[in-house]
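Accompanying notes for the structure given below.
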Amino acid sequence: MAPRVGLGLGQLEAVTILLLLGLLQSGIRADGTEASCGAVIQPRITGGGSAKPGQWPWQVSITYDGNHVCGGSLVSNKWVVSAAHCFPREHSREAYEVKLGAHQLDSYSNDTVVHTVAQIITHSSYREEGSQGDIAFIRLSSPVTFSRYIRPICLPAANASFPNGLHCTVTGWGHVAPSVSLQTPRPLQQLEVPLISRETCSCLYNINAVPEEPHTIQQDMLCAGYVKGGKDACQGDSGGPLSCPMEGIWYLAGIVSWGDACGAPNRPGVYTLTSTYASWIHHHVAELQPRVVPQTQESQPDGHLCNHHPVFSSAAAPKLLRPVLFLPLGLTLGLLSLWLEH
């Protein structure tokens, strides 16, 4: 009889470690449950530019008739959050698809999967770009398998508060300047932006405001960006995530919604404040459980950003330079300033 061949203690430990690493990379914990939300394997890289593959595993591309139209955020193995204005009523649900695990939109990768859309739920209060209720839920036609490139982000609970000055990250494949598309192979772009209080944001949007086109920062909106401009979001990535870190966990603090031109001074990006829709989310998707956000950082007063900023002016803007209101957003990542120089 042939002798039985077994593993020694050291070999068993090594195999166990390898199995655990494999489970973590596949998005499954050792107990067989799904990956926890808001966790990333790639280390965080601050600033702006091209992201690393798998750095923002909840980022999705929403396509219509095969063309990228919006971003979105994976929040479970069946649901994606995006902006309501990405889904005009005249558009057919069957023409939408969701691309997950993508890094370069123009390059094929085994890590990328495409799902059709089974259901689209938009908030009933949404009316037009710039109005409240700019949030939508998309149910995938079949559950997605988590991996190191496909993982969910955490939804914040209703009482969640993200402090002014907190550096968050907006991501997407949008234009790099007004009417200037991201060049092939269109790698995912990232931009770190500080949060701005609603009061200061309203103050900034009243600078050089056009009376016929008022800017209203609603209670369900969140602002982030730079007062001097040059780094912002632009056309093409509405619906994408504004991801904010709290104690090592990433939360979907905002959804790219609207803005006044791309990278213009005194015009930070405006996002749908996800936490204000926690009860609406639970009503429509009971299986999703928003997560309590730890309050470990105090908000920094930021009124000086408006009242004493050198760009401040009470004069009306020249008509030829007047920006377009309520523009769907995507990332400029500072390239806007270079584009303007030419």
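Note: Cβ is positioned from N, Cα and C throughout, glycine not excepted.
Quick caveat, the model's predicted, so the values are computed rather than measured.
The recorded disulfide partner of C201, taken from Swiss-Prot and restricted to C203, C223, is C223.
C168 (disulfide bond) sits 18 Å from C262 (disulfide bond), counting Cα to Cα. Using Cα positions, the member of the recorded positions H85, N110, C244 nearest to C201 (disulfide bond) is identified as C244.
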